Amino acid sequence: MNRVLYPGTFDPITKGHGDLVERASRLFDHVIIAVAASPKKNPLFPLEQRVALAREVTKHLPNVEVIGFSSLLAHFAKEQGANVFLRGLRAVSDFEYEFQLANMNRQLAPDVESLFLTPSERYSFISSTLVREIAALGGDITKFVHPVVADALTERFKK
């Protein structure tokens, strides 16, 4: 069984992330969205909420599972029986970091391959950082995130 692990902070999950998950769900038997705790990034949403939002966004995909984790990614992949890491590349500027990450992961988990997918053109410019900034300033984010995520961001910035 081919199990792909799609790791990220997903703070928040965007339509770009959703696009990659949809496509991965057609390519692999099982997709695990691995939501990283990432405390050093100081996420806007707590881990539990990011997991819940990702589950809501992907609930229509029967072969997709969402799990939060705070361990080393290579160890988590082994625990989950994943044989592929999925990473998205929006632009050439993403490649250098992703290349380094793939090589490090290969050293730590030699049995897990890294697979890079580019997003659909309509999502190639979306990033969680930009979505958070637009939401914080009261801008319309409905084109970039699922309605449940837009509601969560609106609620978060009301405070």
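Including glycine, each Cβ sits where the backbone N, Cα and C put it.
Annotation source Swiss-Prot lists ATP binding site at Thr9, Phe10, His17, Gly88, Leu89, Arg90, Glu98, Tyr123, Ser124, Phe125, Ile126, Ser127, Ser128, Thr129. If you look up Swiss-Prot, you'll see Thr9, Lys41, Leu73, Arg87 marked as substrate binding site, on the strength of sequence analysis. Annotation comment: Swiss-Prot describes His17 as site 'Transition state stabilizer', evidence class sequence analysis.
This view paints the features noted in Swiss-Prot onto the structure.
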residue : record                 : CB count, 10 Å
Thr9    : ATP binding site       : 17
His17   : ATP binding site       : 25
Lys41   : substrate binding site : 10
Leu73   : substrate binding site : 20
Arg87   : substrate binding site : 21
Leu89   : ATP binding site       : 16
Glu98   : ATP binding site       : 15
Ser124  : ATP binding site       : 14
Ile126  : ATP binding site       : 20
Ser128  : ATP binding site       : 22
Lys41 (substrate binding site) and Ser124 (ATP binding site), Cα-Cα, nearest whole angstrom: 22
Cα distance (Å, whole number) from Lys41 (substrate binding site) to Thr9 (ATP binding site): 9
Arg87 (substrate binding site) and Glu98 (ATP binding site), distance between Cα atoms, whole Å: 8
For ATP, whose listed binding residues are Thr9, Phe10, His17, Gly88, Leu89, Arg90, Glu98, Tyr123, Ser124, Phe125, Ile126, Ser127, Ser128, Thr129, the greatest C-alpha pairwise distance in Å: 19
Euclidean distance between Cα atoms of Arg87 (substrate binding site) and His17 (ATP binding site), Å: 10
